[in-house]
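J.: Per Swiss-Prot, Mg(2+) 1 binding site is recorded for 34, 86, 158, 160. Sequence annotations record features per position, and here Swiss-Prot assigns DNA binding site to 47, 70, 158, 231, 233. Per Swiss-Prot, Mg(2+) 2 binding site is recorded for 179, 181, 233. What Swiss-Prot lists as compositional bias 'Basic and acidic residues' is 353-389. Annotated region 'N-domain' per Swiss-Prot: 1-104, in sequence order. Here Swiss-Prot flags 102-121, 348-395 as region 'Disordered'. Taken from Swiss-Prot, the feature region 'I-domain' applies to 122-253. For 341-349, the entry in Swiss-Prot reads region 'Interaction with PCNA', with the evidence type sequence analysis.
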């Protein structure tokens, strides 16, 4: 789910934090991708009749189709993807997950009813709501990535939090996810729409955390408090508190502690805090998530050549994919992963801190240059003055 209305809040209050651009702009960059969110998006990319893509044996293959072709698109554009899979969810998230399960059960029932009596739009709408990523989906996607030579790692808990760690450490350029809560985990840069299909023609959104904080006039802790008020995966939102109200409350009171106090002491009782609302626990999960440090052995990764024949065996013979397309994809992987090794120019020219002696020398040269310019201007002004004073016709 992520954070409700957060993109809208940033767009309206810190527009400089958001850049929209083409996928080609990220040539030569390594990106950590929230795998579970990507797989979910592949699964809901259903046909208009509400059916998943399936093999001859009736197995769902939408996740594999999406993972194969969207990864190819990234590699074709010089991006080196690293997929990060979710681990066990934090205990505080269990309430939200239980609600999602209940909603999916209701949607399944509604989907069956819509197939009998509803319109095509109803069928597709409820079909999307029944989708969930299973262990089997994850396992098959991991197998596919290994055969493609694309690295993946397992996060202890939240994939977005692990992506953020890798981005902060400089092991990747950015974290990629549709979930805006990636920013709460302190990802310096969040990329959205990176795994969307080309047909959707959606630009890649690049969101910079430091610019968002600056535009909102908040520190990180206040930003997290704002996100909790907006509505996150860990807590139900406060009824009647929308994005504008949430922003106003944090700006006015500075912290959730003071917001809660103000709401509880309000004689009008305009807002009501849910009976069980452990916002401090939620904040702690954002501030100190269960992650592996970037230098942990399990966070080592590298891109390798695809295993072409094993890829054909898995996708063509087991899953019914077209052999020519799979072989063509493998050829593109081999070629473009080598091309992506050519780092961007910005990677070659990293700024190096200057010594005090070098700084003094540069300042001296700068001052000398200024003095020289002043002297030249003075001489030019004097020459012009003399030229004007000289009588016409004088030799």
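Here, residue 1 is simply the first one shown, and the rest follow in order.
Quick reminder: no glycine exception, Cβ is built from N, Cα and C everywhere.
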J.: Measuring Cα to Cα, how many Å separate residue 233 (DNA binding site) from residue 181 (Mg(2+) 2 binding site)?
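T.: Their Cα atoms are separated by 9 Å.
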J.: Which binding-site residues from the set 70, 179, 181, 231 come within 10 angstroms of residue 34 (Mg(2+) 1 binding site), judged by C-alpha positions?
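T.: Checking each Cα against residue 34 (Mg(2+) 1 binding site), the hits are 179.
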J.: Quick one: pull the CA-CA distance for residue 70 (DNA binding site) versus residue 181 (Mg(2+) 2 binding site), whole Å only.
T.: 23
J.: Once the DSSP letters are reduced so that anything not helix or strand counts as coil, what is residue 179 (Mg(2+) 2 binding site)?
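T.: It is coil.
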J.: Roughly how many Å separate the Cα of residue 181 (Mg(2+) 2 binding site) from that of residue 160 (Mg(2+) 1 binding site), to the nearest whole number?
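T.: Their Cα atoms are separated by 8 Å.
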J.: Hey, how far is residue 86 (Mg(2+) 1 binding site) from residue 231 (DNA binding site), Cα to Cα, in Å?
T.: 21
J.: Please work out the helix, strand and coil residue numbers for the region 'I-domain' (122-253) from the DSSP assignment.
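T.: Residue counts for the region 'I-domain' (122-253) by secondary structure: 68 helix, 15 strand, 49 coil.
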J.: Which residues does residue 158 (Mg(2+) 1 binding site) neighbour through Cβ under 8 Å, counting only same-chain ones at least six apart?
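T.: The answer is 86, 87, 89, 90, 185, 289, 290, 291.
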J.: Please determine which of the binding-site residues listed here (34, 181) has the lowest count of neighbouring CB atoms within 10 Å.
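T.: Counting other Cβ atoms within 10 Å of each of the binding-site residues 34, 181 gives the minimum at 181.
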